[in-house]
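One structure is given below, encoded as structure tokens.
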């Protein structure tokens, strides 16, 4: 590897970058946002740049195209220029302070600048290419010019990237998980700020004879570029992982819906009138807020229809239930609510007469959002199996004639 990393380390990371890049192009290209497109191009150029640093690919390109090591190194660096330009476009759109057309126009300028810098870089690096030497080793004033133009798009990215990530990190309404991605962006910005300006400065100091840094630059440059690419892919993988997490039904809404279903299934058997379907149910594990809302409405409707059969719970029964299931004091309210509801369900199934509503405790629901409402029912549903078993309604429930 030109990176200097052992194959055991570099190859898994290259595979990771390839997987992330292909996944994003597969799922975040069609009907995607503008910043998704720019991020995809960033990852594509970064992947191509790092693949050119692999020994196996070097060998095949040498055999097929006659490219030598120096040529591939310079093409790899030229691709990194476009990485900086595309990432700059990503930050421009992400900020959201410009109209879409203006953001696209600015990014067109970034791309033109990148093309100019790339051409100047390759022309200035020609002496090193003709000498079949690394740009760091060959040196000379052309190398200083090459490194300077190489750094323009990349260094220009640092300030907007850092500013964007800092703003996202200090946002008051940002959750801890949401802050992890911009914190990673700050790390990338620091790596760029520390490593890239040094390339031209060290080349200049080398040419002036003030400092010898060839060995250092050979050892550090490619590793830094590789590290920046890996970090960028790690951040880009986050939306992919979140999409997989959501589509697999592991998000909070889907989990809430599944946890409500056992209780809802029983309630539908006891009170068939609560059943309704807003739309054709999806076969995927992922559930929408509308699915949870439907379950909440059905459960509240069932509880309302069972209210005529609710009676005050005998204190001995309540104490026995709480002791039998080792209910902690702070869980007493929802556990006893579940027991009361299970008693009402059993009474309805047994054809018991309607209770005196004046003696029935009226419960006030203070939930102001779907999440609060669902959370309240989840607490109730967690005790429903125990309450149903305790009241003897563990047998399959059938609607009383």
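Glycine is treated like the rest: Cβ placed from N, Cα and C.
From the options 69-90, 223-244, 245-266, the stretch TrEMBL describes as transmembrane segment is 223-244. Of the listed segments 108-128, 276-296, TrEMBL assigns transmembrane segment to 108-128. Your range for transmembrane segment, going by TrEMBL and the list 40-59, 140-159, is 140-159.
Among the residue ranges 9-27, 161-179, the one that TrEMBL annotates as transmembrane segment is 9-27. Nonlocal intrachain contacts for the transmembrane segment (9-27), taken as residues 6+ away from its ends with a CB within less than 8 angstroms of a stretch CB, comprise 1, 3, 36, 39-40, 43-44, 46-47, 50-51, 54, 226, 229-230, 233, 236-237, 240, 243. Under 8 Å from some Cβ of the transmembrane segment (140-159) lie the Cβ atoms of residues 77-78, 80-85, 87-88, 91, 110, 113-114, 117, 120-121, 124-128, 189, 192-193, 196-197, 199-200, 203-204, 207, all in the same chain and six or more residues away from its ends.
Mapped onto DSSP helix, strand and coil, the domain 'DUF6545' (254-384) counts 90 helix, 0 strand, 41 coil. When Cβ distances are compared across the two stretches, the transmembrane segment (180-203) makes no contact with the transmembrane segment (108-128), since fewer than 3 pairs at least 6 residues apart fall below 8 angstroms.
Counting only same-chain residues 6+ beyond the ends of the transmembrane segment (223-244), those with a CB under 8 A from a CB of the stretch are 3-5, 10, 13, 16-17, 20-21, 23-24, 27-28, 39, 42-43, 46-47, 49-50, 53, 80, 83, 87, 180-181, 184-185, 187-188, 191-192, 195-196.
Across the domain 'DUF6545' (254-384), mean pLDDT in this model comes to 82.
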